[in-house]
C-alpha cells in the first residue's frame, strides 16, 4: 500500500494563522525533537502541481509559436510573453502590498518620529496637548506593526510565484527534451541541460522578490524628495541628486553582473563537463597514469572560471561598500549644504532626514539595484531557456507513415498487419552533412520474417534501425512502418529501479507473462541465485522488448554481451521462438547461417540478410559480436543511483518500503519515489551508514546501498576556522578583524557625532528657535535666520561658519570619508579572502578525489561526486561569501544599535538583554527544523536532475516504446515532491522573519515609550529611536542569513570531507625500478589474495606464472549463470554493481595487477620486482590496457588518441592505419581535428573501441592487457576466485572435462570445430617455433628470444 503525503495544515488554517504562519508550529516542534523525513512533508497544493503548471505554460508557448509562424517573420516567439501571460496578473497584484508598505508605512514612521522629537523639544506641552507624545509614539509603533503584518506575506507570495514559474519552466524543458531531434542533441550536452534545471530556472526563485521595487523605488523617492523639500528647500537636492545617481549606476552594475554571470556560467559548464569526464573515466585515467596532466587541465579551466568570479567579487565589493555608506554620505551632503547656505540644524530635521534616507536607501541602493540585476540575470536565463525550446524537434517526415509504437494501441484495437517497407531511402543525421548516412535503401519486411543486418564497424547498421524509428531524418524515399514497435539498443539502457520495473516499463503487470519473459530471456536462474532477485539484475533490454508484446522488434546486436550458451538460448527461445510471428530486423557484426539471402546495397558498406522462420536456424558464436558494450547508466554524466546530491534509494511510495508481490496486477509510475534513510543518533558533524542493518525475516529484501555521508547537528566553530584559514594568513586575518570593528565604530560614531553636532546647533541658536511659533507648527524651510533679531545682533560671529562649527563639520566629514575608505578595503579584503578560500578548497577537493582509491568511485555514483564540484563549489564560490558577510555585518550593526540606545538610556539594557537571549533561543529552535527542511529539499531535488539525465540517455528507447507520457508524469511527480520541500523552506524562513520582526517591534515600543517616562533631549531621543527602527527588517534578515550561512557551511564541510579521503599508495617510490624495466615482462603471482571491501576474498591464493611474449586468456567461469565475464565496465547502478563486481574475477585480476585494488596478501612480481614495492605511476606506466568501456573525451580525435601531445601526426596516422580507422578519418572534413561529441556519440561503439585500441598501441609498453579468446598461448580459467585451469587452449579443448571444452561445445558443432582448428593451428605454430629456437640455441649457444622487436612482450 502506498502512503500519500499528508494534507498541508495551511489549507485549513485561519486567516490569522496564515498571516502569522502559526500553521507551521507543529512541524517546527517536530523538527526540534528529531530530524524530519520525507514523509513529514505536506502534499503540494493543487495550484502548484507540476503537471498543471506545465500544461499552462506549454499552451502559452505553443500559442507564441503559432503567432510567430503566422506573422511570417515579423514576430518571434517569446518565452517572456508566455510567462507574463500565465503568471503576470498574480504577480502584479502583489505589488499593491509592496507599494503600501514602502510608500505609506515607511513614510509615516519618520513623520511620527519628527513630531515625537518636537514633543520632547517642548512643543505640544500644553495641558490640552499633554498626551500627544503617546499619540506620536503609538503612530510610530503602529507603523512597524502594520509593516510586519504586510511585508512577510508579500515576500512569501512573490517567492511562491517564483517557485511556480520555475516548476512550469522545468516541466516544459523536460517535455521539450523528449522531443529533441538527434541533431539537436548533438548540439548540446546533458551537462548543459542539467545546468538549465539547476541554475537558470533557479533565477525565478532568487529574483522574483525584488522586481516590484524597480517601479516602487522611484515613487518612494519622489515622496521623500517632497517631504525633504518642505524642510530643507533646494539644499535637499544635493543629497537626493547623489541618491538618484545610484539608479543609472546600479543599472549599469546590473548589466555587468548579468554579462559576468553568463561568462561564469559558460566556464562553470566547461569545468563541470571536464570533471564529469574525469570522474567517469577515472579507472582509465589511473591505469594510463594521466592524473597529473588532467590536474593541469582542471587547473586551467578553474583558473579561467575564477578570473571572472574575481571580477564579480570586485564589483560586489564596490556595490556592498556603496550600499553600506550611501545613507551616511547622502545625509552628510544634505546637512552640509543646508548649513553652508546659512541655516542651522535641529534634531527633528536631522533624524527625520536620517530615517527617511534609511528607508529610501534600502530600496534605492539595495532592492532597486538588486531588482535590476536580477531582472538582467532573469533575461539571460529566460533567453537560454528560450534558445533551448527553439531547438529542432524530431519531426515526423512525410515519408514516415502509419508508424505505431508499442503503447499506441489498446488491447481492444484491431492489430494491423506488421510491415516495414523502405523504398529508395536516403538519410543523414544533419543537413550540414556532406555525405548521407544511408543511401538508396530498399527493403520490405513482413510479419514473421527475421532480417539480419551485417557489416563492418561504422557501416550504418544501427543507423538503418534509427531510420526505421524516425530518429534518423530521411531526405528522400519513402518509409512505411505499420504495427507496434519495440526496440533494444546496442548500448543497454536501464533506469534506477528493479529489474521488474525495467521490464514492465510502466505497463500493466501480468505475473504469468512476466515469468514467461524471464524464462525466455534466460534470466530465471540469475534472479533465483542473486541475493535480491529481480531487484538487482540490469540485463533487461531484450526482456523489456519481449514483454511489450509488439508487432515489430528492432534488435541492435542484442547478443553481444552474453556468452555462447546464453546467446544460443536467447536466439533459439526468444528471437526464433517467442518472436516467430513478429517482424524482426536485427543488426550485428556477423551472422553465420546455413541458408540465407543476401542483398547488397551500393554505397552503404552494409549487407541485409533475410530469411523466413521456416528455414534452418541461424547460429552465432560468442566471438562474432562487437567486443564492447556500454550501457546508459555507465555513461559519464548520469548518476548511477538516481543521485545528484544526497541520493535516496528508489521505492514505490513516500515513506514506505516496497513490498513486491508479483501475483498482483498493477499499473504504476516508472520510478515511484524515495525510500527514507534511517535516522542518525549522533550529533557529530557527520556520519555515514554502510547499510549493515539486521534484517527482519518478514521484511522485503532491499539491496545494500552505500549511502552518502549526511551531516547532522550544529556546524562546529572549527569548521568556520578552517574555511577562513584556507583563504587568509593570520596577519591578514587580524587586519581584517580589526578593520571590521573599526568600520562599525565609525558607522555608529558618525550617528553619535551627528547627535552631538545637532545638540550644539540647537544650543547655539536657541534664541532663533524661541522666536518661532512652535504652537502653530510653522518651523520649516520658510523661516530665514537672517530675519531673526539674533541674526541682526550676531551677524558677524555666531551665524558664520566659525572655527567651532567648522571643526564640527570637518570632524563629521572626516568620519564619513574614513568610513568609506575603510569600508571599501574591508569589503574587498573579505571577498578576496572568501575567493582565495574557495580556490584552495577546490584544489583540496580535486586532489582528494583524484588520489582516492578506485573503491571510492565504485561505491559512489558519478552524480554524487560531481555534485561536490558543481553545487557545493558553486555555493562556496558565490553564495557563501554574501551570506557570511551579511551575517557578520548585521551582527555588528545590531551591537552598534544596542550600544547607542543604551548610551542614551541605560535602563534599556534590560530589554536589550531579553531581546538578545530571545533571539538566541529562537534561532536554535528554528535552525533544527530549517536544517532538516534544507536537507530534504536537497534530497528531493536530486531525482529531478537524475531523471532528466537518465531519460536523455534512453531517449531512443523511450520514444520507441511510446512511454514519453509516463516519463513526463514521473518527472512531474519528482517536481511535486521537491515543491513540497521548497514550499516549507520558504514558509519556515518567513516564520522566523515575522517572529524576529515582532520581537523588534516590541523593542522599538520599549525604546519609544521609555522616553515618555524619562525625559530626554530631542536629539538623544531621535538618535535612539531612529537607530532602533533600523532593527525592523534588518535583524530578521541577519538571523535568517546566519541560518543560511550555517546551511551553506555544510557545502564547505562536504568539500573538506572529500579532500580528506584516504589516498592510494605513493605515485613514485623513493627507489624506483630501473628505467629499462621490464625487460622480459614475466609476471609471477604467488598466493595472491584480494578482497573487495570488507567482503570475503574475491581472488583466493592465486599462483601462476605468465612467461615473456606469452598471450594468456582470462576466462571466469561462474556456476550461477555460466557466463564469461570479459566486460571491463558494468552498466549497473552502484548497488547492482556491488553484486556483479564480486563475480567479475577477471576484473579483479586486472585490478590487482594495476594495484587498482591492493592485494591483502601474496605478491605479484614483474621481472622479479614486487609491484607493491614501487610507485603506482612507475608500475602503471609500464602496462597498457584496452578497456572494455570505450572511454572518449569531448574534444578532437587527436586529443583522444594523444591527450597530451606526446606523439606527432605521422605516429597517429600509423596507429589509425593499424586499427583500420585511417580511411574513415580521412573522409572526415577535419581529419584528426574532428570533434568528438559527449561520450563519443558521433562514432559507433565499434569505432570508439578501435580509437581506444589505438590509444593503447601508442604507449608501446611490454605488457598489454586485452580480451583475447582463442588466439592465446594459454587460458586461465577462474571459478569463485580460484584457478581451475591454466593451460594451452588446444590441450584444454581436448580434455572433455575441461570447463573451456564444455563452453566451446555450446556454440554448436560447426563453430566448435572451427574454434578447435584455430587452437590447433596456434599450438602447432608454437611447437614449430619452439623447435626452431632449440636448434638456434644449439648453433649459437644462446637464445635470441630477447631480440624480438615485438612491443608487447606479454599479453594478458
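Glycine is no exception: its Cβ is also placed from the backbone N, Cα and C atoms.
Per TrEMBL, the range carrying the annotation transmembrane segment out of 701-727, 755-781, 782-808, 809-835 is 809-835. Within the listed segments 160-177, 178-195, 232-249, 250-267, TrEMBL records transmembrane segment for the stretch 232-249. Looking at 640-657, 658-675, 676-693, 730-747, the range annotated in TrEMBL as transmembrane segment turns out to be 730-747. The transmembrane segment annotation in TrEMBL falls on one of the ranges 945-967, 968-990, 991-1013, 1060-1082, namely 991-1013. When Cβ-Cβ distances below 8 Å are used as the criterion, the transmembrane segment (809-835) is approached by residues 306, 309-310, 313-314, 316-318, 320-321, 324-325, 328-329, 332, 336, 339, 724, 727-728, 732-733, 735-736, 739-740, 742-743, 746-747, 749-750, 753-754, 757, 801, 877, 880-881, 884-885, 888 of the same chain, each at least six residues removed from its ends. Counting Cβ pairs under 8 Å to the transmembrane segment (890-922), the stretch among 82-100, 730-747, 991-1013, 1020-1039 with the most such contacts is 1020-1039.
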